[in-house]
Amino acid sequence: MTEFLLLLIGTVLVNNFVLVQFLGLCPFMGVSGKLETAIGMSMATTFVLTLASLSSYLVEHYILLPLGIEYLRTLSFILVIAVVVQFTEMVVHKTSPTLYRLLGIFLPLITTNCAVLGVALLNINHDHNFIESVIYGFGAAVGFSLVLILFAAMRERLAVADVPAPFKGASISMITAGLMSLAFLGFTGLVKF
């Protein structure tokens with residue numbers, strides 16, 4: 001039980017996918033303009049990452065390995081992720097049409113989010129079992145969500161702040177992301193992973 005908690009803390013804080021491993025930067029910069037959109041994207045990505053981790057583990061261990069076709073791993077994981085994203089898109093469209101409109105093109109772009117494929121491949125590389133794969137996927141999603149929501153809140157405050165003209169827009173966003181990354185470096189050594 002303790003190792004599962006350490007795995008979760010490690011993926012959320014110590015080895016954060018956005019700020020430490022630099023995966024998922026496209027939605028991090030693209031959706032973080034408004035807090036409401038960032039929260040919606042976080043929920044959708046959490047669902048997709050967790051379900052994709054679970055599904056990719058099952059595909060790897062019950063289809064690819066028994067048939068000896070491990071060389072199709074990346075292609076099959078992309079297919080699994082596309083199916084999970086389509087399922088998520090249908091669920092969001094039915095349950096929250098407003099959120100569906102707010103997310104717009106970013107919802108289908110979860111398919112191309114490198115963090116989702118990265119989690120699936122890293123699960124295999126780390127040789128996680130089924131439960132560890134789900135926890136790793138969920139932890140990566142929580143870490144992504146935490147960073148995305150914090151960054152969106154900071155960007156909303158920066159939009160109304162008195163920022164010097166040369167630093168407005170993308171410049172101050174990159175500086176803020178760098179400072180967030182430095183803050184997360186403070187968690188290094190918290191968990192040996």
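Every residue, even glycine, has its Cβ placed from backbone N, Cα and C.
As recorded in Swiss-Prot:
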- 4-24: transmembrane segment (TRANSMEM)
- 39-59: transmembrane segment (TRANSMEM)
- 63-83: transmembrane segment (TRANSMEM)
- 102-122: transmembrane segment (TRANSMEM)
- 134-154: transmembrane segment (TRANSMEM)
- 171-191: transmembrane segment (TRANSMEM)
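If you count C-beta pairs under 8 angstroms between the transmembrane segment (102-122) and each of 4-24, 39-59, 63-83, 134-154, 171-191, the highest count goes to 39-59.
Note on the transmembrane segment (134-154): residues 4, 7-13, 16-19, 24, 27-28, 31-35, 37-39, 41-43, 45-54, 57, 115, 119-120, 122-123, 126, 128, 176-177, 180, 184 of its chain, located 6 or more positions outside it, place their CB under 8 angstroms from a CB of the stretch.
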